[in-house]
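According to Swiss-Prot, the protein has these features:
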type	residues	note
ACT_SITE	440	active site, proton donor
ACT_SITE	473	active site, nucleophile
BINDING	307, 478, 487	Ca(2+) 1 binding site
BINDING	329, 332, 334, 336	Ca(2+) 2 binding site
BINDING	390, 395, 521	Ca(2+) 3 binding site
BINDING	522, 525, 531	Ca(2+) 4 binding site
BINDING	613, 639	Ca(2+) 5 binding site
SIGNAL	1-24	signal peptide
């Protein structure tokens, strides 16, 4: 193995030219602090890049010692045989329909002479050892010009749900291999503006509102995003989930769906064979698209229930993908919907995945001290060709430090050489809540430790289940001839109790060496709330946003990694990091059958409070300023019990009974002071001296009137509310 050592660029001769450029300071993880949005107008944004933490690493090549440059957030996407010249990328929200252009407003640079920049090894797979791949000088080293040429470019536009975006790329290092001159741009200011020409990958229909649940994602992805550009949809932070289930498991999914509704996520079931028979990937993709495009239905999560032979992954050359089902708007690789899978070959396989998910969200207490403990696993390989020029061990050390700063109380490090399966088994059985793995892999095992599917039966971590960010080859290839590594961990149980993991993101193909490291970095940074504008609380939200950062920086290779990095488990899983604390929740013990709202007091802002009736959601609200006011979307019957459920990040879940009292529809069934009739798609309501209101299934008011109302409805479920003679009645109406 070649020895690499860092050599910090000399700045003595350049000190008067740097203009504030920061060299050789310990780089804070995350985004380059020297990249700023200078201005954002309707049709133009200005962005300033300034060099940060430029360093050089010496490597041995066929031409002698050459240098590999790195700087904060710089990414090497150079083609094999061309000079290694990292770029930095930022995403901007742009016009929905116009083509964009980038212009350099100003720039400053210095030059370093007699420099030999090493050639790129290209995209390296984690099926290979980077140290065994030689540096090969390509034809570009004979060309008397600066590479890559332009210091600022635009990538193809992409669409993220309601917003069209475009990535601006800075190439601050320009190298002439004939004269051996390295031009270092210390500052670049660009303007990205609209043109009069029609653009590519446009948004054809601009909504007059945007789903609130993606606001933080927009703010994180786009430098210039402003929430005021749209009117947020009211009270829709949690969105909606559809469970697409193979027919043979339809009767086994009820407990999961009931719990999801109970904890505040509106969840529906669709039998896969009712979409198409036989079930095809194209049919699944089209169904998800149709559900996403339904007006007012904020589809956010899709959970596939079944193995590949039940609900197939989308297969294209070199790709086996569930994630593409969530890529709906435009022709890019940014998901609008978070996708996950309970991969199962038996009812027992499914039951343990349901049980572990419900227990994790519902039953964790202050006695679960295993939370806040993490495991970091790394190979002994990597280095200059990897993300940030890090070896796998350096990469995992950075993650370990981040977790410690956040509050994790114990970090177990299993680094090669010498890691054994027993090291991993002992770590799991001792209690851990998070695993980060970076190394080699196979369909059935981790390369570091050789812990694999044959060792899973030795796990005894009953309901002390970590989630896993896995950077490795084919650990998630659920099309393999036997259960893959990720499937084995999700199906594991001991004496009927779940063991293994509660969720894992793992690849169906050989992963690239560098780009998933950037995705894994971002996942951990989001988990540890490093980015205030990108706070995510679900496994799907954390992992997908981590991959967005990877795609932004690694372009086509990042897209391929995103498409094949598969979520095994519930994408809406509310993740836990530290030992939970208790919430103080107070609410009335009773509710009137005619009530329209229900108020809950809670000392944790951001908690989700939900009233449900035997797995049917009655209403839900977010705790703000110490209270949640739940609007009741469904009729409730007298002398029954509702369930109040309050969930919060790193909190003990609170569940209380609420008794229904007072006048209900059932009490006046034979003497109703109103009539409700449905004919085709027409709802007719009549009642003297009454206020009439119709709500759709999401609780949105769609019609109001006095005394008489005729409403033309779409297919769906509606609540008709009649207020008359001091009483309020609610009836559920189904339009087919």
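Each Cβ is built from the backbone N, Cα and C atoms, and glycine gets one as well.
Feature map: annotations from Swiss-Prot on the structure.
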residue: 307; record: Ca(2+) 1 binding site; Cβ neighbours (10 Å): 20
residue: 332; record: Ca(2+) 2 binding site; Cβ neighbours (10 Å): 18
residue: 336; record: Ca(2+) 2 binding site; Cβ neighbours (10 Å): 20
residue: 395; record: Ca(2+) 3 binding site; Cβ neighbours (10 Å): 25
residue: 473; record: active site, nucleophile; Cβ neighbours (10 Å): 23
residue: 487; record: Ca(2+) 1 binding site; Cβ neighbours (10 Å): 31
residue: 521; record: Ca(2+) 3 binding site; Cβ neighbours (10 Å): 25
residue: 522; record: Ca(2+) 4 binding site; Cβ neighbours (10 Å): 27
residue: 531; record: Ca(2+) 4 binding site; Cβ neighbours (10 Å): 18
residue: 613; record: Ca(2+) 5 binding site; Cβ neighbours (10 Å): 19
Measuring Cα to Cα, how far is residue 440 (active site, proton donor) from residue 332 (Ca(2+) 2 binding site) in Å?
29
Test of understanding: give the count of other CB atoms lying within 10 angstroms of the CB of residue 440 (active site, proton donor).
24
Take the C-alpha atoms of residue 522 (Ca(2+) 4 binding site) and residue 395 (Ca(2+) 3 binding site) and report the distance between them in angstrom, rounded.
12
If the Ca(2+) 3 site is taken as the center of the Cβ atoms of 390, 395, 521, which further residues of that chain fall within 8 Å of it by their Cβ?
386, 387, 388, 392, 394, 396, 398, 399, 438, 517, 518, 520
Nearest recorded site to residue 307 (Ca(2+) 1 binding site) by CA-CA distance, among binding-site residues 329, 395, 521, 531:
329
For residue 329 (Ca(2+) 2 binding site), what is the secondary structure by DSSP, using just helix, strand and coil?
coil
From the Cα of residue 531 (Ca(2+) 4 binding site) across to the Cα of residue 334 (Ca(2+) 2 binding site), what is the distance in angstrom?
19
C-beta crowding around residue 478 (Ca(2+) 1 binding site), within 10 angstroms:
22
Residue 334 (Ca(2+) 2 binding site) - helix vs strand vs coil (DSSP):
coil
Tell me the Cβ neighbour count for residue 390 (Ca(2+) 3 binding site), meaning other Cβ atoms within 10 Å of its Cβ, over all protein chains shown.
21
For the binding-site residues 329, 334, 525, the largest set of other C-beta atoms within 10 Å encircles the C-beta of 334
Spatially closest candidate among 390, 395, 487, 521, 613, the listed binding-site residues, to residue 336 (Ca(2+) 2 binding site) (Cα to Cα)
521
Quick one: pull the CA-CA distance for residue 613 (Ca(2+) 5 binding site) versus residue 332 (Ca(2+) 2 binding site), whole Å only.
41
Residue 521 (Ca(2+) 3 binding site) and residue 329 (Ca(2+) 2 binding site), Cα-Cα, nearest whole angstrom:
27
Quick one: what's DSSP say for residue 525 (Ca(2+) 4 binding site), helix, strand or coil?
helix
